[in-house]
Amino acid sequence: MSGFKSDFLRTLSERGFIHQISDESGLDELLAKETVTAYIGFDPTAPSLHAGGLIQIMMLYWLQQTGHKPVALMGGGTGMVGDPSFKDEARKLMTEDTIAENMASIKRVFANYLTFGDGANDALMVNNGEWLRNINYLEFLRDVGRHFSVNRMLSFDSVKLRLDREQSLSFLEFNYMILQAYDFVELNKRYGLRLQMGGSDQWGNIVNGIDLGHRMGTPQLYALTSPLLTTASGQKMGKSLGGAIWLNADMLSAYDFWQYWRNTEDADVERFLKLYTTLPLDEIARLAELGGAEINEAKKILATEVTAMLHGRDAAEEAAETARKTFEDGELSENLPTVGVHKATLNDGIGVLALMVLAELCTTNGEARRHVEGGAVRINDEPVSDPRMVVNAAALNDQGLIKLSLGKKRHVLIRPA
């Protein structure tokens, strides 16, 4: 369907967010005539979301910007079960304490994108543990479980993937689909919520909730999914050679976050500007026309705009300036990520492989060795060819720092502590 009446669907369509909608005309009509409450679920499986989940946060952002009410549902209850959708194996179960700690950490990110409060379209953050932990199992089976067909649940692609590979799917995980469907109904009852959004891998789970709502007498519920994004080269969003691109500042610096977006492939620039920034579409179209070396200016704008939304404009501009000094002027900027190494350790000397791991440029000595042997590692801009090299205080420059580099884009300053 094209020519949406509602600002929300029109915005999402123009920017490339929409993969599938359960009832386009019905949802469009509803959004055009009243304030709609909608939610997306987030699993607290780590202390931070990563950039792969940013598209979902942006959907909630545009929902609020077009006059509707966003709800971020934290899976404090379902997080203890684990979503089996398109996973190759069962996920490690998490304790209540770990989930609570992760939720508290994740909450900080949402305040950068959404306005929370008591207004008509102010955002809410809700924990499904509030109702799931108090369920009476026998009553739940009688009132909710009877509405689910096991035959139909087995037909979902997310389940078939595991079964076709002859991999175990526990009863615990199988129940996740029922619990997520129940969330939709419970949120409708508590907050009048009518729309659930998510990635395209969640389609089956969301439709389950719509069907359950129909059987339990809720008003018409709706589903909207976004595409599962990969880069032009097929890499998953939110991952890099150095690991996950975390959204929390205490897990990834604003500079490293900026660099991730600066390194966007040429073919992805226009798409990412539409999805991850709030720049006007005509400005994005202008930037998309840039070619050759000029495309790098569009990448810098992308990096700065995405970083500004998450970390603030000052941090984004500082990251951009640090990159300019480092890569264009050849200066050693003190705004680069810094790692302290005990003076005694530097005096005695530390192996370059261990230093790479300590600086979080690599996760293992083996990975660091491969980078050294591949010629990707430099100390103070001098190539390192021997993985047995020992780095000591003699490498400190006039500023009392050691510049450790992996490739052309990743740099860390080593400072005696």
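For all residues, glycine too, the Cβ spot is worked out from N, Cα and C.
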For which of the residue intervals 201-205, 236-240, 261-265, 381-385 does Swiss-Prot record motif ''KMSKS' region'?
-> 236-240
When Swiss-Prot marks a stretch as motif ''HIGH' region', which of 44-53, 74-83, 164-173, 334-343 is it?
-> 44-53
Give the maximum pairwise CA distance in Å, whole number, for the residues Tyr39, Tyr176, Gln180 listed as binding L-tyrosine.
-> 17
Around Tyr39 (L-tyrosine binding site), which residues of its chain at least 6 apart sit with Cβ under 8 Å of its Cβ?
-> Pro70, Val71, Ala72, Leu73, Val126, Leu187, Leu193, Leu195, Gln196, Met197
For the domain 'S4 RNA-binding' (350-417), what does DSSP give as the number of helix, strand and coil residues?
-> 19 helix, 21 strand, 28 coil
How many helix, strand and coil residues does the motif ''HIGH' region' (44-53) contain under DSSP?
-> 3 helix, 1 strand, 6 coil
Quickly jot the same-chain residues contacting the motif ''HIGH' region' (44-53) by Cβ under 8 Å, restricted to those at least six beyond its ends, or write none.
-> 74-76, 79, 91, 94, 99, 101-103, 105-106, 109, 229, 236-239, 244-248, 251-252, 257, 260
